Amino acid sequence: SQPVLGDLSVTSITPNSVWLRWSVPKDSFDSFILQYQDAQDQPQVLPIDGGSHSVTVPGLSPSRRYRFHLYGLQGGKRTDRVSIDVITAAAQPEELPLPSEKPQHEKHRTESPASEAPLVQSLLGELRASSVTPNSVQLQWSVPEGSFDSFMLQYRDAQGQPQALAIDGGSHSLTVPGLSPSRWYHFHLYGLWGRKKIDHVSTKVLTEEQEDLLLPTQEQKREKLQTEAPPSDGPPVRAVLEELRVSSITSSSVGLQWTVPRGSFDSFMLQYRDAQGQPQALPIDGGSRSVMVP
């Protein structure tokens, strides 16, 4: 039977991002594609895994109307479409504290009205960097008490411009790409209940120095696997990576997939060179088997 897309709705809006959600009330799709035009009126295409029912669209401009079109794909063909118009929030740089204003890991808690607050005061655990590369930072946090509807991560980019990224309330980690090497970044994570900021944690992270990474060839990788001896306290079965393949391609992104037929890995690292020939490195969670390279 023909799969059907439910309504496309907005869950969260910031000056620089929009969090969209949808449902599939009938059957399922192999994948989705989100299309829109950026602030320069250039078409953008974002491929999405078929199991996902939400997506955060970053890199938008404040106070601007965007029209998003979500397509459901079945067998490589677009079988259904839903659309929505969204106006991003106005720029509010005053909400983003400068790095000198807040010491590292300082917490700032604000009480919300009883009618809007959860029954139990939700608390954010420490915000920390679990992985750092020259161009990205992977952040992790916990929620030791209560829960949040969503999170908001704020920071300033290399040009000093405030950036805000909406995050699903069930997530406890996030990789922030597009950073600059050897630079301090001050990240502020807010826990939200409805639209109210309930709790706030911060951390400072120094990105790694840029290295002239030489991406290994397939032959070099095979030689390394053959010559490396397993550690004495390691797993009894050596973990093996299956072939890396392309699951989707657009003009500005590539979706990659892989399998682990034997054993398991703590994490993955994807390396490549960008259009300017600069090496890029993207840390990936060990439980993931796919990644979208924007």
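Cβ atoms here come from the backbone N, Cα and C positions, even for glycine.
Note that the coordinates shown come from a computational prediction; the quantities given were computed from them, not determined experimentally.
The compositional bias 'Basic and acidic residues' annotation in TrEMBL covers 102-111.
Summarising the annotation, TrEMBL assigns domain 'Fibronectin type-III' to 4-93 (among others).
Across the domain 'Fibronectin type-III' (123-212), the prediction's mean pLDDT works out to 87. If you look up TrEMBL, you'll see 123-212 (among others) marked as domain 'Fibronectin type-III'.
Per TrEMBL, the feature domain 'Fibronectin type-III' maps to 240-294 (among others). Here the domain 'Fibronectin type-III' (240-294) has, by DSSP, the following mix of helix, strand and coil residues: 0 helix, 29 strand, 26 coil.
The region 'Disordered' annotation in TrEMBL covers 92-116.
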